[in-house]
Amino acid sequence: MVLWILWRPFGFSRRLLKLERHSITESKSLIPLAWTSLTQTLSESPGIFLLGQRKRFSTMPEIETHEGDSELFSPPSDVRGMTKLDRTAFKKTVNIPVLKVRKEIVSRLMRSLRRAALQRPGIKRVIEDPEDKESRLILLDPYKIFTHDSFEKAGLSVLEQLNVSPQISKYNLELTYENFKSEEILRAVLPEGQDVTSGFSRVGHIAHLNLRDHQLPFKQLIGQVMIDKNPGITSAVNKINNIDNMYRNFHMEVLSGEQNMMTKVRENKYTYEFDFSKVYWNPRLSTEHSRITELLKAGDVLFDVFAGVGPFAIPVAKKNCTVFANDLNPESHKWLLHNCKLNKVDQKVKIFNLDGKDFLQGPVKEELIQLLSLSKERKPSVHIVMNLPAKAIEFLSAFKWLLDGQPCSNEFLPIVHCYSFSKDANPAKDVRQRAGAVLGISLEACSSVHLVRNVAPNKEMLCITFQIPAAVLYKNQTKNPENHEDPPLKRQRTAEAFSDEKTQIASNT
């Protein structure tokens, strides 16, 4: 933070001292002894001071010490350790600069003073002057405005044009719970030095938090603050276990607000409805859903092995692709059917309720055999999405000799997008090696790895993309009469550095 301090030694020429620091501390060394003594004398002389004093509005001296951000607009210190929210305990009075102006010129003046005006939740920047009905007080930012010299040149010019005195006064502003931000409240309540949770994943009307152990004693308060400070949020929940069950959903507890977990979300132009307590949904994967969707073109085929409620299947179906979507969770299956109808793609998506391996070795195998019989010109590109990061790599074993006995076609090798977590120092290499080990073939030269997101410290979510080698799909590679020789595998561009470039997929189609 850059701070400008006005120094006027002995009442003569002013100088601005520029300090670059993160907090502001009182420093009397900048104030000459004579000035300090004078202000102390005045403060001890009520007879002198009462002439210019008002209850909440009084003249501001040119030299003023200022509290740092962490103090001036922080809740009262006695809320520290509060576990049950008491909104009345957050009342506080702060002293801020104001500018008195005629009420008829306020709107014209505010356009020029917008950057100098105070901006706090629930606080009007212009208020009535308690002592003059024909005037208004513009509340100013105490970290930008110290004296009239603190205004920008343009602002001073407008003040002069409108015949407004730049005299800065001070005003006792009463702050309440409504005027503090969620982070400020939680930072004041939780033990000093502890991490503060101010972020969450929004799922419709639900705020989904992942609280740490030291935050659990304050969980109900945290939940209520999230509801209070985020319009549209009516329920706050906390995950109480990892996603390690067969249905990919997690147990949660409602911290505050309503118990209703039926929600509706909008992602990438599509609407999804579901019971958040019974299915898996992660709003942080929105970009990844779009990335995969953009890789397919009209006429392509998508097999979504762990489809959830449809965030891959539905957008792809909208592109006039043929989609086969599967999920083992009966609730996900139910809402997948519902969302396909809701988004008017139910005629383009075939939906299954099977284990992932059974889906691959059943419907997927059958459809691939059907597609193999098509002529080269009619064969579509086939994509298989496997979004189950905790276990998806294990399911790659289902591709081993999946098409054995069928005529080998190197023009028809499905493209796999398989997701995984990694805690390795080189996560891309780790994912390649683990996937290759399951398939029994090296993927170093024919795969790309995309960083999806950072899940936790030293834990990444990645997507490895590759064409399934013919040596994996066919045990005995009987040549298709259309093919005279196997083309060499193309080396796909890697993403070791996890660049923002799109994943490049080598394809012979």
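Going from the start of the chain as shown, residues are counted 1 onward.
Including glycine, each Cβ sits where the backbone N, Cα and C put it.
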Listed alongside H289, D327, L328, D355, G356 for S-adenosyl-L-methionine in Swiss-Prot, from N260, N343, N387, is N387
Largest separation between Cα atoms (Å) of residues that the record links to S-adenosyl-L-methionine, namely H289, D327, L328, D355, G356, N387: 22
Should H289 (S-adenosyl-L-methionine binding site) be counted as helix, strand, or coil on the basis of DSSP? helix
Sequence-ordered list of residues in the chain of D327 (S-adenosyl-L-methionine binding site) that lie 6 or more positions away and have a Cβ within less than 8 Å of its Cβ, or none, is F306, A307, G308, H333, L336, F352, N353
Using DSSP with the three-state reduction, classify D327 (S-adenosyl-L-methionine binding site) as helix, strand or coil. coil
Have a look around D355 (S-adenosyl-L-methionine binding site) and count the other CB atoms within 10 A of its CB, chains all included. 15
